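Enquirer: Sharing the feature lines straight out of Swiss-Prot:
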type: SITE; residues: R20; note: site 'Transition state stabilizer'
type: SITE; residues: K27; note: site 'Transition state stabilizer'
type: SITE; residues: R154; note: site 'Positions MEP for the nucleophilic attack'
type: SITE; residues: K210; note: site 'Positions MEP for the nucleophilic attack'
Amino acid sequence: MEHQLIPFTVVLLAGGMGTRMKNLIPKQYLTIQEKPIALHSFEKLASMPEIEQMIVVCEPQYEQLFTVYKLNKPLIFARPGLRRQDSLWNGIKLIAGNPLVCIHDSARPFIEIDRIRQTVAEAEKWGAAVLGVRVKATIKICEEKQFIVNTPNRAFLWEMQTPQIVRLKLLYDGFSVAQKNELTVSDDVSLVELIDKPVKVVEGSYLNIKITTPEDLLIAQSILKNHALL
């Protein structure tokens with residue numbers, strides 16, 4: 001059953017330095033199958049007709065990677081900040097009205113369009129939605145010296161992915177609380193949690209990995225070689 005095409009705006013976060021990759025080139029601009037990782041993500045999103053505009057948060061020297069792609073919708077660039085939330089803030093400041101905002105890590109090139117649309121549909125209903133997968137490993141809470149404190153119930157644990165899709169006004173309201181209290185959040189829907197609004201989790205795919213380490217890069221190359229997985 002096809003989902004109704006709901007319009008939304010994209011903020012593609014492509015400004016991180018990728019220090020865990022131990023490479024001079026930021027991780028999202030390393031290539032897999034002769035194409036920068038960020039461009040895999042960008043092209044997948046750009047193919048969706050319901051997107052009204054795309055905002056790419058990146059350094060100036062990488063803009064040309066995206067401008068060569070012939071879009072039939074507005075493409076706007078914003079600059080990265082020191083933290084993820086600063087980069088997001090710089091991106092959403094360029095958005096007018098109160099659309100749904102689809103925030104995606106450019107280092108996640110294997111996102112599936114159908115799952116994006118499922119998440120958009122839930123965000124349209126609830127105001128905020130995020131892709132996630134059930135945690136498979138046992139997670140331990142440890143103190144500073146790495147001694148175990150307790151073990152949370154795995155049945156309730158989900159690993160968050162992107163896209164994370166939020167109504168623009170909710171993002172502004174969340175930023176207001178974060179900025180007033182000098183809070184740092186680790187993902188985008190945490191801003192919605194700050195204002196006690198619901199966030200719906202949509203079950204995603206374990207293939208929607210974020211390429212962060214050299215090991216991730218090897219896994220990504222393997223995924224691309226086996227197109228049947230996508």
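Heads up, the Cβ atoms here are built off N, Cα and C, so glycines get one too.
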Enquirer: Work through the recorded sites one by one (K27, R154, K210) and point out the residue whose CB has the fewest other CB atoms within 10 angstroms.
Expert: R154
Enquirer: Name the secondary structure element type, per DSSP in three states, that contains K27 (site 'Transition state stabilizer').
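Expert: Where K27 (site 'Transition state stabilizer') sits, the three-state DSSP reduction gives helix.
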Enquirer: Would you kindly give the Cα-Cα distance separating R154 (site 'Positions MEP for the nucleophilic attack') and K27 (site 'Transition state stabilizer'), rounded to the nearest Å?
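Expert: Each residue's Cα considered, K27 (site 'Transition state stabilizer') and R154 (site 'Positions MEP for the nucleophilic attack') end up 30 Å apart.
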